[in-house]
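Copied from TrEMBL, the annotated features are:
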COMPBIAS  105-129  compositional bias 'Basic and acidic residues'
DOMAIN    7-95  domain 'Myb/SANT-like DNA-binding'
REGION    99-129  region 'Disordered'
Amino acid sequence: VANEGGKHWTVNEVRALICVWSDKTIQQQLEGTVRNKRIFEQVAARLQKFGIDRDWKQCRTKYKNLKHEYKSVKSAQDSGIASKSMKFFNELDAILGHSTMEQASKSDNDESERPPEWTEAKSEKDSIG
C-alpha cells in the first residue's frame, strides 16, 4: 500500500479522514465523479480543522487504499474466509457496506449510528494508546 511522502497516517488521522468521508455530501460527490481533486481538496481542508496537515493527494491515496483493502476483506468474508480483517473495517462497512439508495433514504444528520470516537474527533482526543 502506497506511503505518501514517507509520513505514516496515525490512527487519529485515519479516524478523522473516515469521519469526513462519512459525510453524506462527500460520499455523494465521490460516487458521482472520477475527477475528484476538488472533493479531496475539501476533505484536506476539513482535516486542517482537526489539526491534520495532509494535502488532497495524500487524502485521495489513503481513501483509495482504505477502499481497496475494505473490498478485499469484504470479498474474503463473503467467500467464507473470515480470518482476513483490517483496522477500521466496521467504520468503512458503515459507509461502503450499504447500497446508495439505503444511504440516500437515511435521515440527514444521524449521529446515533456513528461510533462515539467519530463525533469526539472534533475535540482532539489523542488519548488512544
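Cβ atoms are placed via backbone N, Cα and C, with glycine included.
Under DSSP, the residues of the domain 'Myb/SANT-like DNA-binding' (7-95) split into helix, strand and coil as follows: 62 helix, 0 strand, 27 coil. On the 0 to 100 pLDDT scale, the model's mean across the domain 'Myb/SANT-like DNA-binding' (7-95) is 93.
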